[in-house]
Amino acid sequence: MYLVDTIDYQKICCIIKTFEDNILFQKNYHSTWFLKSIANIQKEKYNYGLEVAFVGYSNSGKSSIINALTNQKKLAKISRTPGRTRLINIFSVTSEIRLVDFPGYGYAQVSRSISKKWKEMIFQYLNIQKCLQGLVIITDIRCPIKEIDELVINLAVSLNIPILLLLNKMDKVTRSIQKSKLFSTREKMLNFSNNINVELFSSFKKIGIHKLQFVLNNWFSSDKKLCQ
């Protein structure tokens with residue numbers, strides 16, 4: 001039997017398509033544009049296309065990660081005062097694909113009522129948004145996973161929403177701490193689900209961008225049904 005007879009052409013075509021999709025989406029991420037800011041997700045939610053939401057504690061670096069992903073320094077405005085951003089910012093990757101950036105939760109200088117409102121807004125969004133394809137939760141690698149993070153994770157798991165947990169600011173710690181924190185966080189996530197993806201990230205050093213793009217590409221893949 002010749003070697004050519006053993007080639008899995010279907011698998012090769014699948015690999016080529018995945019590669020082409022990655023190239024396409026990379027270009028799209030770099031041309032992402034700001035769509036709008038909203039205060040009430042229930043009144044202004046979208047009923048078409050696909051979305052991925054970014055959530056995390058204040059000062060975890062959400063805006064910096066979106067800027068790194070899109071290769072645009074000023075797309076997502078970075079506030080010098082953590083907790084300052086109080087609106088949901090929506091960015092369009094294409095006419096059918098969106099990134100949703102929520103206000104950071106839990107900052108001490110924000111009143112309890114506002115902090116509670118933000119948490120309720122996230123929980124409400126996870127429950128009602130049928131276009132949501134995945135949730136990116138961002139944490140500071142130097143800080144432990146907080147209670148609010150666990151509440152969001154629990155809700156997302158119960159709703160079968162895919163999760164990517166990014167340990168951001170990895171450049172702030174040593175390699176040994178990076179490995180230790182990555183291992184311990186992955187172990188902890190097993191208490192919630194076997195399908196939570198945990199990765200290291202540094203928006204400053206631009207480390208982890210390709211892994212983030214790969215996960216988003218999978219969530220936004222062409223075989224996913226568009227919300228209508």
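Using the three backbone atoms N, Cα and C, a Cβ is placed for every residue, glycine included.
Values in this document were obtained by computation on a predicted structure and should not be read as measured data.
As given in Swiss-Prot:
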BINDING   56-63, 83-87, 101-104, 168-171, 201-203  GTP binding site
BINDING   SER63, THR85  Mg(2+) binding site
DOMAIN    48-222  domain 'EngB-type G'
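Mapped onto this structure are the features recorded in Swiss-Prot.
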residue : record              : CB count, 10 Å
GLY56   : GTP binding site    : 27
ASN59   : GTP binding site    : 16
LYS62   : GTP binding site    : 27
SER63   : Mg(2+) binding site : 21
LEU87   : GTP binding site    : 13
PRO103  : GTP binding site    : 25
LYS169  : GTP binding site    : 23
PHE201  : GTP binding site    : 28
Confidence summary for the domain 'EngB-type G' (48-222), mean pLDDT rounded: 89
Distance [Cα-Cα, Å, rounded] between PRO103 (GTP binding site) and SER63 (Mg(2+) binding site): 10
SER63 (Mg(2+) binding site) and GLY56 (GTP binding site), distance between Cα atoms, whole Å: 10
Alpha-carbon distance [SER63 (Mg(2+) binding site); LYS169 (GTP binding site)] in Å: 13
